[in-house]
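Enquirer: Not my notes, these are from TrEMBL:
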- 12-37: transmembrane segment (TRANSMEM)
- 49-71: transmembrane segment (TRANSMEM)
- 91-112: transmembrane segment (TRANSMEM)
- 124-148: transmembrane segment (TRANSMEM)
- 168-192: transmembrane segment (TRANSMEM)
- 215-237: transmembrane segment (TRANSMEM)
- 243-264: transmembrane segment (TRANSMEM)
Amino acid sequence: MYSRLGVNANALINACFVLTTVGQFALLFFGATLLLSRRVYKRSAALRNLLVVSFFSTIPPYFLIYTAAVWDPRPPFSLCVTQAALVNGTGTMFSVASLALVVDLVLEIRIFTLSDGAARNRNVMLTTAPYIVFLVFSISALALGITHPDEVRHMPDDLACSLRNTPLNIAMQITIVLALMTALGLEVYAIIDTLRARHNLTDLRRPSLLTISQAVRIVGFTCLQVFSLIISVLDIYLDSPSLHVVSIVYQALIPLATFVILGMTRDCLDAWKALGTFAKFIRSRTSRSPVTDFHVEITIEKEKWNGDSDPFARLPKNHIRVPLDGLSDTCSIA
């Protein structure tokens, strides 16, 4: 079934599954940090949506592993056609979500002021575009798979079922290529525009400029997808076992790489450092005994009254000594 993956095919499959799972938890941790921490800067709706899409896109390729059918050459048709449809939809959705992030960044550095309604409409369009593309391709793949069941297969050496429909696959590849090339073009434009603006004092009054960190991260993230596309295309047209293994491992690393590229910012690192310090403080507090025993010793001294004067004037001050057992200080109440 997995002869091209080598003699350790089972170990390779498990390693890819573990890498993807670690990346999924890392994306969840990053998303929780953005939602719950007050130490991080507010991210755009397009970036938050990209994290959701990135997490969701990692689930369908491992349906056969989740259902323990990865070694079955003929999985149940309902499972296989569902996985093929979702894989087709999420592949294009991920690229369009990346393009939406780049478009949002370019608009952010070029537009001075937007009304609340215009800003809301822009966010709605950028966040819904990936899901519209997902619905188009997944529903198309599902319909073709149901009407042409012979095209839905669990191919040898593949971890997921696929739909062998040439027109749909070409349309999907064209969509991904157009999205990635457009994103790269906009990124180059944003970088050139920022460099020009830094030498023009009149442009410094613009709302914002692209920082070096933003440029490196956004270009790196797009290149991550471009390399994934190149490897996938080469794997389809070249019969190379080693290239097939590289393609599988590379796909498994994408969630973790997404977390590293987009999540390793200074504000997030500071928030995680503060979280670690707080957790250490809580552990140190809970390691102490919650109950402290107190030993109270009360000593009262009184002089004898001879009846000639005010009795209260003859009584000295009452001293109460309270030694706190286990502590270094003693409390004395007069």
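Glycine too: its Cβ is placed from the backbone N, Cα and C atoms.
Source: prediction; values computed, not measured.
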Enquirer: Which residues of the same chain, at least 6 past either end of the transmembrane segment (243-264), have a Cβ under 8 Å from a Cβ in it?
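Expert: Distant contacts of the transmembrane segment (243-264): 4-6, 12, 15-17, 19-20, 22-24, 26-27, 29-30, 33, 47, 50-51, 54-55, 58, 61, 157, 159, 217, 220-221, 224, 227-228, 231-232, 234-235.
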Enquirer: Using a Cβ distance cut-off of under 8 Å, indicate which of 91-112, 124-148, 215-237 has the most pairs with the transmembrane segment (168-192).
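Expert: Per the Cβ under 8 Å count, 91-112.
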Enquirer: Counting only pairs at least 6 apart in sequence, do the transmembrane segment (215-237) and the transmembrane segment (12-37) share 3+ Cβ pairs under 8 Å?
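Expert: The transmembrane segment (12-37) and the transmembrane segment (215-237): touching, no.
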